[in-house]
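S.K.: According to Swiss-Prot, the feature domain 'PPM-type phosphatase' maps to 23-486, an assignment based on sequence analysis. Residues or ranges marked as Mn(2+) 2 binding site in Swiss-Prot (evidence: similarity to another entry): D57, D428, D477. According to Swiss-Prot, the Mn(2+) 1 binding site annotation covers D57, G58, on the basis of similarity to another entry. The region 'Disordered' annotation in Swiss-Prot covers 112-136, 170-294. Look at Swiss-Prot and you will find 112-125 tagged as compositional bias 'Basic and acidic residues'. Taken from Swiss-Prot, the feature compositional bias 'Acidic residues' applies to 173-192, 260-294.
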Amino acid sequence: MGAYLNKPIIEKEKEEGSGNGLSYACTTMQGWRVNQEDAHNCVVDLHTDWHMFGVYDGHGGTEVSKFTSAKLPDFLKERKFWEADDVAECLQKAFVDFDDFIRAEESMKELKDIGDEGKPKKAGGEADSEDEADRIDTIEEASVPLAELLKRYGGAGVGKSLLSAFLAKGDVSDDSEDEDEDEEEAEEQDDTEEKKENEDASAEVVIENAEDKEEEEGSPKKKGQKRCQKSPIQSEAKKSKSETDAETAPSSSSGVDGVATEEEDEDDSDKEFVADEEEDDEDAEDEQSDEEMVDGSLAPLLLGSGGAEVPGEDSGTTACVCLVGKDKVIVANAGDSRAVLCRNGKAVDLSVDHKPEDEVETNRIHAAGGQIEDGRVNGGLNLSRAFGDHAYKKNQELGLKEQMITALPDVKIEALTPEDEFIVVACDGIWNSMESQQVVDFVRDLLAKGSSCAEVCDALCDACLADSTDGDGTGCDNMTVICTTFDRKSK
């Protein structure tokens, strides 16, 4: 799913530079998306002969990708990966530690500030781009069945768009309408009882006795007293009768005028006992059914974020970090962004895209209690590794790297050779439109014609942009691409 504009934003943000035997450029373009959620790093001389190029494809907001871009270079530098006996293990630990750092209280405050800065203030009653995105998401989700929405948000809490979608579609209208009617009936009944209160004291006594009996039998006395317990993730909603149906139903023990003979009292008492017993059984079933509903798929709706999306919990970013040294290149990747090396015209993948349907990813997701539906984790994220997204990382029995969504990167170390020409690091907005070899051919051809790295990056974004949003979404995503060439003459 995604929110799109009526026409793409094709203005590009650019960065370029050179030094220490290489030249580089980066282009980022918003495209058809309502918001630009990508971020990147181009850091020459991160340490001595090491340079860092990273692409961070954000989702659910810009805050985690921007935070990563601002903090990760120093975070890696402090760990002195270049001195590590096992560089891969060092970088993997650094990524997981950084993900832990993201959920720290101070970091969460900073993420919120970043998110707030990215929301333009409203003027003249016009909605900002974030509101527009929410509006479009709500419209899209309104056409999705309730059960599917519950699956989608089951492990990640429920956002404001989901609640709006429920109301827009009316999937919960049956129970809610019944509850509203019951509440109205209860209010009318309360009014009637108040009017009769001074006229007939004995009726009041009967009602109080009935309520006392309900408490002794274990039935709830009033609304709002059912227990909400923390529950595991569920994939389907369990339909149950609203508790208010039983609670607001007229009591068989209420009496009419509060006057009865001893014989009538005995008969009524027997009838009342039988009726109350049946009602107690029904109440117990209703209460159990309601608790099952709370303990099941509706738990995120009732116990989740209360409609407010939390930065770092409901947002995240991929991270494809390319560390270029004097004689080798190291890539640490978490997510579906990608780094590719051109070696004598041939594409050499320096990373592997992480998708939920991959065997390794599927096994971890299932082990953490998650599900995969239509290529999405719990029907939500269509990727399986990322910084942030801590709403998917709530299994208390597992460490961060073992959660449904993990920041643990794959690390590849590749020795550089004289045949190596350039490296491309980009988000899936590029790779969904072109294969690795297609990108290498495209870039190599332009470089051979004398184009600069910046011109190459611009052209690649334009080539991948879709003409419309009528297709499957290919070419409609944010685009960020970094191209780094090796200057052999300066070495």
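In case you wondered, yes, glycine gets a Cβ from its N, Cα and C as well.
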S.K.: Over the domain 'PPM-type phosphatase' (23-486), work out the mean pLDDT and round it to an integer.
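M.R.: So the average pLDDT across the domain 'PPM-type phosphatase' (23-486) works out to 75.
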S.K.: Let me check the 10 A CB neighbour count of D477 (Mn(2+) 2 binding site). How many other CB atoms are there?
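M.R.: Looking across every protein chain shown, the total is 27.
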S.K.: What three-state class does DSSP give D57 (Mn(2+) 2 binding site)?
M.R.: strand
S.K.: Around the Mn(2+) 2 site formed by D57, D428, D477, list the extra residues of the same chain whose Cβ is within 8 Å of the site's Cβ centroid.
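M.R.: Neighbours within 8 Å of the Cβ centroid, excluding D57, D428, D477: D38, T318, D336, S337, C427, G429, I430, W431, N432, N478, M479.
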S.K.: To see if you understand the setup: which same-chain residues, six or more apart in sequence, place their Cβ under 8 Å from that of D57 (Mn(2+) 2 binding site)?
M.R.: E37, D38, S65, T317, T318, G335, D336, S337, C427, D428, G429, N478, T480
S.K.: Please report how many Å separate the Cα atom of G58 (Mn(2+) 1 binding site) from that of D477 (Mn(2+) 2 binding site), as a whole number.
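M.R.: That comes out at 11 Å between the alpha carbons.
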S.K.: Within 10 angstroms of the C-beta of D428 (Mn(2+) 2 binding site), what count of other C-beta atoms is obtained when all protein chains are considered?
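M.R.: Excluding its own Cβ, D428 (Mn(2+) 2 binding site) sees 22 Cβ atoms within 10 Å.
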S.K.: So for G58 (Mn(2+) 1 binding site), how many other CB atoms are inside 10 Å of its CB?
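M.R.: A 10 Å sphere around the Cβ of G58 (Mn(2+) 1 binding site) contains 27 other Cβ atoms.
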